[in-house]
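Undergrad: Grabbed the feature section from TrEMBL, which reads as follows:
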{"type": "BINDING", "residues": "8-13, 33, 38, 86-90, 127-128, 161, 272-275, 342", "note": "NAD(+) binding site"}
{"type": "BINDING", "residues": "157-161, 216-220, 256, 263-269, 334-335, 447", "note": "substrate binding site"}
{"type": "ACT_SITE", "residues": "272", "note": "active site, nucleophile"}
{"type": "DOMAIN", "residues": "328-452", "note": "domain 'UDP-glucose/GDP-mannose dehydrogenase C-terminal'"}
Ligand code: NAD
Ligand code: UDX
């Protein structure tokens, strides 16, 4: 029986390995992690991450050919294929701080593999890493090899949160990069045979190592760039009376552009886009490509602009101050169908409103109160380093309460801000919400989920990203 071990039981390692286990009953899969609480949760009825369809997949194979364990060394030693799916956050200090990927976790996993291995292994980069990481890992492994042979493969993951199981069952493609030697090609074939259990052969793309590593960063940069492009258009739509949804539809029907990933929003979030573009920028700079770095930096700048533009719109519409006013925040996750809040636009918007002394009542169907309070008390990039809680930010979090539903959040509020496109926000009884709010009652929709006309009929003053402005908003001072 082929044995697979995956180091890192996170958003990628857990679902990916569960799908491999369910699709390949002849393979034994162990997912290991240094976090005892995470492994305990994977072995319980309440999994550590919320992902539609994940519970069923895990239930089907856990204890049969899928195991979650903290016995990292034993499972690595026994495996034929070791996936490394540890976190690779942005560095917060030292050389390249704020841009470069922090490979501390990766390096310690590689050194551990070298320490405990007693048989030849294929080591697979599942984490998103800078180009040429495979070379660094190869060096660590071969310099400590004790005669053991390693083949390093790059097999980046393209799943999106909220649709991870669907994406894994039906991937657009699986990408495998390897050395162009006979041992390298053999290793690529071995990994290919795992995916071939359920992925059609023409969807399994094989490249050299550096192309595979770079393709992952490139894919995320291109996706994020589309969102910044449509978000830049949303600002122009508001200024001119055009409707961004109509513009996106009109351009998206051009088959060369395509309709996906053109939804204007308050800004993209998630653990990947910003981190991976910053990483790309750093790699460009290290290679003397300042103009290329500048091009990609603009994608992040527009995203930051979109978030601050939203805050400015809220404040300027409400007579230029929200001090002491109650603002309901609907949704805190970075997108629907996940409880993940890493880099969610809601953090920057809430911090902006707190900075203007607003009192926030936040509701999200999947994010815990503890998580929201922690997010609002941490500095940028520090979600992986929770030790650095700032006292000032802690103080600010006192202006925040987390409640159990949208009606409670909006009771007595001056404004409602929609931050995540949860389906339930479309079907709320906005008449009831209006009745319970202070007047004039405002809705600021950062996700284009509300029916603007209907809400205006109820009496709300409505702002929806990239839509023609309410006459009230047109009269308010210009937004930066
Ligand atoms: P995560 O933080 O959810 O999980 C990483 C896990 O690795 C953590 O549980 C951590 O405890 C564990 N870990 C760290 N060092 C370890 C070690 N030495 N030994 C054992 N366990 C260790 O991260 P994630 O979201 O799963 O992302 C993992 C990688 O995949 C990142 O490089 C990310 O960029 C990439 N990626 C993420 C997504 C996504 O949607 N989240 C999608 C594609 C790619
Ligand atoms: C992304 C990539 O899609 C995935 O391929 C990669 O493996 C990991 O990074 P993820 O961050 O989980 O996945 O979600 P995604 O659906 O890409 O959304 C990212 C952010 O962009 C979210 O905040 C989402 O709301 C926003 N978004 C997405 C928009 O604002 N408009 C869109 O049209 C699409």
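The backbone N, Cα and C atoms fix where each Cβ goes, glycine too.
Remember, predicted model here, so these are calculated numbers, not experimental data.
I'd like these features described in context: how deep, what's nearby, how far apart.
TA: Of all Cβ atoms in the protein chains displayed, 28 besides its own lie within 10 Å of the Cβ of residue 8 (NAD(+) binding site).
Taking a C-beta cut-off of under 8 angstroms and a sequence separation of 6 or more, residue 264 (substrate binding site) has the following same-chain neighbours: 230, 231, 233, 234, 244, 245, 248, 448, 465, 466.
Counting only same-chain residues at least 6 apart in sequence, those with a Cβ under 8 Å from the Cβ of residue 272 (active site, nucleophile) are 128, 220.
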Undergrad: Mean pLDDT, the domain 'UDP-glucose/GDP-mannose dehydrogenase C-terminal' (328-452)?
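TA: Across the domain 'UDP-glucose/GDP-mannose dehydrogenase C-terminal' (328-452), the average pLDDT comes out at 91.
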Undergrad: Within 10 Å of each Cβ, count the other Cβ atoms and name the one among the binding-site residues 160, 217 with the highest count.
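TA: Checking each of 160, 217, the winner is 217.
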Undergrad: Measuring Cα to Cα, how far is residue 217 (substrate binding site) from residue 33 (NAD(+) binding site) in Å?
TA: 25
Undergrad: Translate the DSSP assignment of residue 267 (substrate binding site) into the three-state scheme.
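TA: Going by the DSSP assignment, residue 267 (substrate binding site) belongs to neither helix nor strand, so it counts as coil.
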Undergrad: Find the one among the binding-site residues 157, 160, 267, 334 whose C-alpha lies closest to that of residue 87 (NAD(+) binding site).
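TA: Result for residue 87 (NAD(+) binding site): the nearest of the binding-site residues is 157.
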